[in-house]
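Record features, source TrEMBL:
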| type | residues | note |
| --- | --- | --- |
| TRANSMEM | 49-69 | transmembrane segment |
| TRANSMEM | 75-93 | transmembrane segment |
| TRANSMEM | 105-126 | transmembrane segment |
| TRANSMEM | 146-169 | transmembrane segment |
| TRANSMEM | 181-199 | transmembrane segment |
| TRANSMEM | 205-231 | transmembrane segment |
| TRANSMEM | 243-265 | transmembrane segment |
| TRANSMEM | 318-338 | transmembrane segment |
Amino acid sequence: MNMDHTIGVPLISTGRIRHRRRSNEFPPEFSKSNGSQFLINDQNKYRSMWIRAYSSMWMLGVVSVVIYLGHLYMWGMVVVIQIFMASELFNLLRRAREDKHLPGFRLLKWHFFFTGMLFVYCRILNQQLVNTVTSDKFFNRLVSGLLKYQMVICYFLYIAGFMWFILTLTKKMCKYQFGQYAWTHMILIVVFTQSAFTVANIFEGMFWCLLPASLIAINDVAAYFFGFFFGRTPLIKLSPKKTWEGFIGASVATAISAFIFANILGRFQWLTCPRKDLSTGWLQCDPDPLFKPEYFSLPDWLSQWIHWKEVSVLPVQWHALCLGLFASIIAPFGGFFASGFKRAFKIKDFGASIPGHGGFTDRMDCQMVMSVFAYIYHQSFVVPQDYSVEMILDQIRSLSLEEQQALFMKLGQVLKGRQFGQS
């Protein structure tokens, strides 16, 4: 007799629960990629390209309007981007189940965030704040007092958050809380380091913020373009779709664009003049020598061919070449770092705020490296060195007696000439 072997066997549920994959997680086939999935072989590349291009046009339009409005609105845009970045990074390691048992724990993170914002921006904008309110005695005293006691205020705000954190510690979730505390401080370092140097560049002249940021955008678009059509050789394992063809093509395009774009931006005074207060409106100033054109005669054979006898070059264009080389060779490693970070947490993007691009953090990974370099380069190689009276006296003391006498005689002649001119 044939017996049905399924009779008497209880149906045991496996108990497995299907988890819906979040939109920013790596799909299984992507996480197992060994570098063979290039954009040139991607079947959906044209659809993703149009989504990316559409989002880029919207971003370009918004940024153009903000640039037109001036320095103060540029600073506001940086603050908004900063808040979005912090939100994306806060949510990266957040566990909703644990947070339910910790009321007010997310609010504590934002308390540290806005304390850091107050500390950083008051330090950067102290002179601009004073210049803005000098005509009003009440606000002048208020701002002066705020700047004087700013470090004390920020310190006690931080201590209040520290005490808040200690009082909310629980035995069962102590490890999670300390992990979030460390993660919050790392976010503050990353976000405020980038934004602080960006804001400092804005008030040195929007040129020194726009040019580096534009070079990163140009490098990103060029790398995508060259990788899209020509990419075949893998560049780095952390980013399977990055190719040597895209990297090299973007480097050449960025260097050329830096030289040309610097000439275009350097022609507008409202982009090159530094902002000394927090007022709005376009600026006018005596252009820095870096933004005054120098004319070079072309050889006869070349001038006959292109019908130009001379070309004008702004001295700042040579500095722009250095920024372009950094933007194309060094700054992409900020993106590689972010790619490795995302791969470690098995996510595709930090967020989904910008269709085709991911989140704001995905767009700002290279900008973090570039803004710091732009500020350091500007302060080191562009800003002229200021000599204090003490430094000049130290130099005079190192001269011989005869040299000091000759210097004093020349200074006396200069002073007499000025007195004669005034009379």
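Cβ atoms here come from the backbone N, Cα and C positions, even for glycine.
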Can you tell me which of 49-69, 105-126, 146-169, 205-231, 318-338 gets the most C-beta pairs within less than 8 Å of the transmembrane segment (75-93)?
105-126
Report, as numbers and ranges, every residue of the chain located at least six residues beyond the transmembrane segment (243-265) whose Cβ falls under 8 Å of a Cβ in that stretch; write 'none' if there are none.
38, 207, 210-211, 214-215, 218-220, 222-228, 230-235, 271-272, 313-314, 316-317, 319-321, 323-325, 327-329, 332
In the same chain, which residue numbers or ranges, 6 or more beyond the ends of the transmembrane segment (146-169), come under 8 angstroms Cβ to Cβ?
102, 104-105, 108, 111-112, 115, 118-119, 122-123, 126, 129-130, 177, 181
The transmembrane segment (181-199): which same-chain residues, six or more beyond its ends, come within Cβ distance under 8 Å?
75, 78-79, 81-82, 85-86, 89-90, 93, 109, 112-113, 116-117, 120-121, 124-125, 165, 209, 364, 367-368, 371-372, 374-375
Tertiary contacts of the transmembrane segment (105-126), as residues 6+ beyond its ends and Cβ separation under 8 Å:
79, 82, 86, 90, 94, 99, 146-147, 150-151, 153-154, 157-158, 160-161, 164-165, 168, 177, 180, 184-185, 187-188, 192, 195-196, 199-200, 203, 278
